[in-house]
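Okay, so here's the structure we're looking at.
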Amino acid sequence: MGASFCARCRSERSRGGVVGKLRSSAGVSPRRVAGFACHQGFLYSLFYMGMNREYSIGSFAVERVELLGTLAAMVVTLVVMNVMARRAPSVREVMLERHSVIAYAVALVIGAFVPVVMGSLQTDELVFESIMVGVPWALMLLAWTRRLARGTTEKSTVEVFVGAGVGAALCFLVYLVPAPQAQWALKLLAIPSAVLLAVDMRKVDAEAEEARPEASVSTSAATDFSVKVLAGTVCFGLAAGFMEAYNSNPGTAAMASFPASLLLFVLFCAGALQALLASDVRVRGGLDGAYRLALLVMMAGFLFSPVLEGSGVPGGAIVLAGYLGLTSTLVSLFLAFSKIVAEDPARTVARGFLALFGGEAAGVMLANVSNAFALSGTTPYVIVCFAGLATLFAYLFLFTERDFKTLSEIARTADYFEEACAVIAKEAGLSKREAEILPLALRGRTSERIAGELFISKSTVDTHLRRIYAKADVHGRQELIDLGEKTAERIASR
C-alpha cells in the first residue's frame, strides 16, 4: 500500500504542468539566503581574491600554499566530524549548535586578516592561518547545510543558488571599488553569516522536532551510488586544484581574472534558477540541468585555454566559473541525498566535501610537482589537458547525468510524500504523535511495526490510528492512503 502511494506521487509529476516561480519559491527563507550569501562571499574572497603565496621546502617551491593549507585543515576537520558522528555524537552536536557558530565567525575573521597584519609568510603564520580559517569554515559549512536541508529539495536548492549568486555578486561589486581596502569588508562577512545562522537555528530549535524520514532507497543501493558520487567528486576537485595552481604565479593575484569568473558564475546561477523555477522540473528534474550546465562551462574553459591565453577572460576563469557552479550543485545534491538515505545532512555533506576538498588539495600538489619537473613550455597545456580529462572521465563513467536524474526522481518522490503528510496533518488537526504515525501508516506499516519504531505499545498505536481516521474523515487504512494520493495530486496541480 505504501508503494502504491509513492508510485502515485511519481505519476503526478507528469501531470503537474509548468511549475511557476511563485510555487517553487514559496517557503524560501530570505534570512537563510542572506546568511548563506555572506558565507559564500567570504569563501570566494578568501580563496580567490588574495595573493598567490609561495612556500619553499628545501629546493621545492609550493605555490598557492595558503589555499593548500586551508584545504588540508578543512579535510582534517571533516574527517574528525565524520568519526565523531559515531564515536562522540553529543560532542559533535555541541560543535554544531548556534552558540558555537559565533565563535567560528570570530576565528574566521582573525584568520582572514592574518596575511594583512603579518605580511611575510612564515611556517607559524601558515599553520595558524590554515587552522583559524579551515577548521571553523568547515564547521560553519556543516551547520549551514543542516539549516538548508530543513525544507524540500526544491526550496533548499533555490536557497543555495540564490545565496551563492548573491555572494558572488557582492564580491564582483567590491572589485569595482578602486580602494584596495574595500576587499577587507569581505573578510568580515563571516560575522553576519554566523549571526543570521544563529537566529535561524534559534527559531528552528524553538519548534517541535520532526521525526526523521525513512530512507527512500535500500542501504546497498545508497552505498553503490554514494561510492560513484564520491569518486566523481574527487576527480572534479582534482581538476579544479590543477587549474587553481596553474592560473597564477607566486607574488601575483591568486586569480587575476576572478572578476570574469564571478560574472560568469552569477549568470550561471541565474540560468540554473531559471531552469529550476520556470521549467517542468517534475518531468526532467532540476539538479541534472544545473549539473549539465556546470560541466559544459568547465569543459569549455579547458578546450579554449590555449586560444584564450593572455585575453581578458582566459580559459582558467571559465573553468573556475563552472567549478563554482558545480560546487553549488553538489551542495544541493548532498542535501537531497541526505534526505533520500534519511541521514543527518551534516554527515552527508561532510563526506561529499571531504572528497571535493581532498581532490582539490591533491590537484594543487600535483600541479606543483608538475611545475617543478617541467621539461618544456608545453607542460602547462599538458596540465590543462589532464584536468579536462579527469572532469570528462568523472562525467562519463563515475558521476553521470543519469545518476543525477535518478536522484532527482527519488528526491522528488520523498518531497511529495513529506508535503502530503504535512498537509493532511494540518488539515485534519493531528497531534504531534499522530503526525509521527501518519507517514508510517501511509507506507502500509502494521501496528506492531509502528509500535516498534516509535517505542510505544501496539494498543497506543491502534488508538492513535482510530483518531487519525476520525479526524481525516476516513474509514480505514486504504481510505487514508487514497486520501494521501489525492493530496499529492492536489499538491502537484498547484
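Just so it is clear, glycine is given a Cβ too, placed from its N, Cα and C backbone atoms.
What TrEMBL lists as domain 'HTH luxR-type' is 423-488.
Here the transmembrane segment (33-51) has long-range neighbours at 66-67, 70, 108, 112, 115, 133, 137, 140-141, 144, 148, 159-160, 162-168, 170-171, 174, 183, 186-187, 189-190, 192-193, 195-197, 200, 251-255, 258, 261-262, 320, 324, meaning same-chain residues at least 6 beyond its ends whose C-beta is under 8 angstroms from one of its own. The transmembrane segment annotation in TrEMBL covers 33-51 (among others).
Residues or ranges marked as transmembrane segment in TrEMBL: 71-89 (among others).
Sequence annotations record features per position, and here TrEMBL assigns transmembrane segment to 101-121 (among others). When Cβ-Cβ distances below 8 Å are used as the criterion, the transmembrane segment (101-121) is approached by residues 42, 46, 50-51, 53-55, 65-66, 128-129, 131-133, 135-137, 139-140, 143, 184, 187-188, 190-191, 193-195, 197-198, 201 of the same chain, each at least six residues removed from its ends.
As annotated by TrEMBL, transmembrane segment applies to 127-145 (among others). Using a Cβ-Cβ cut-off under 8 Å and counting only residues 6 or more beyond its ends in the same chain, the transmembrane segment (127-145) has close neighbours at 35-36, 39, 42-43, 46, 66, 69-74, 76-78, 81, 95-96, 100-101, 103-105, 107-108, 110-112, 114-115, 190, 193-194, 197, 201, 331, 334-335, 345-346, 349-350, 353.
Residues 24-25, 28-29, 32-45, 49, 148, 151, 185-186, 189, 258-259, 262-263, 265-266, 269-270, 272-273, 276-277, 286-287, 290, 324, 327-328, 331-332, 335-336 of the same chain sit 6 or more residues outside the transmembrane segment (157-178) yet have a Cβ under 8 Å from a Cβ within it. What TrEMBL records for 157-178 (among others) is transmembrane segment.
Long-range neighbours of the transmembrane segment (258-278) within the same chain, counting only residues 6 or more positions beyond its ends whose Cβ lies under 8 Å from a Cβ of the stretch, are 18-21, 24-25, 44, 48-49, 154, 157-158, 161-162, 164-165, 168-169, 171-172, 175, 286, 289-290, 293-294, 297, 312-313, 317-318, 320-322, 324-325, 328-329. Per TrEMBL, transmembrane segment is recorded for 258-278 (among others).
Summarising the annotation, TrEMBL assigns transmembrane segment to 290-308 (among others).
According to TrEMBL, the feature transmembrane segment maps to 314-337 (among others).
Here TrEMBL flags 349-369 (among others) as transmembrane segment. Long-range contacts of the transmembrane segment (349-369) within its own chain (CB-CB distance under 8 A, at least 6 residues past either end) are made by residues 60-64, 67-68, 71-72, 74-75, 78-79, 81-82, 85, 138, 141-142, 145, 226, 229-231, 233-246, 327, 330-331, 333-335, 337-338, 383, 387.
Positions annotated as transmembrane segment by TrEMBL: 381-399 (among others).
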Other parts of the chain folded back onto the transmembrane segment (71-89), taken as Cβ under 8 Å at six or more residues beyond its ends: 95, 130-131, 133-135, 137-139, 142, 344, 346-347, 350-351, 353-354, 357-358, 360-361, 364
The domain 'HTH luxR-type' (423-488), counted residue by residue under DSSP: helix, strand, coil: 52 helix, 0 strand, 14 coil
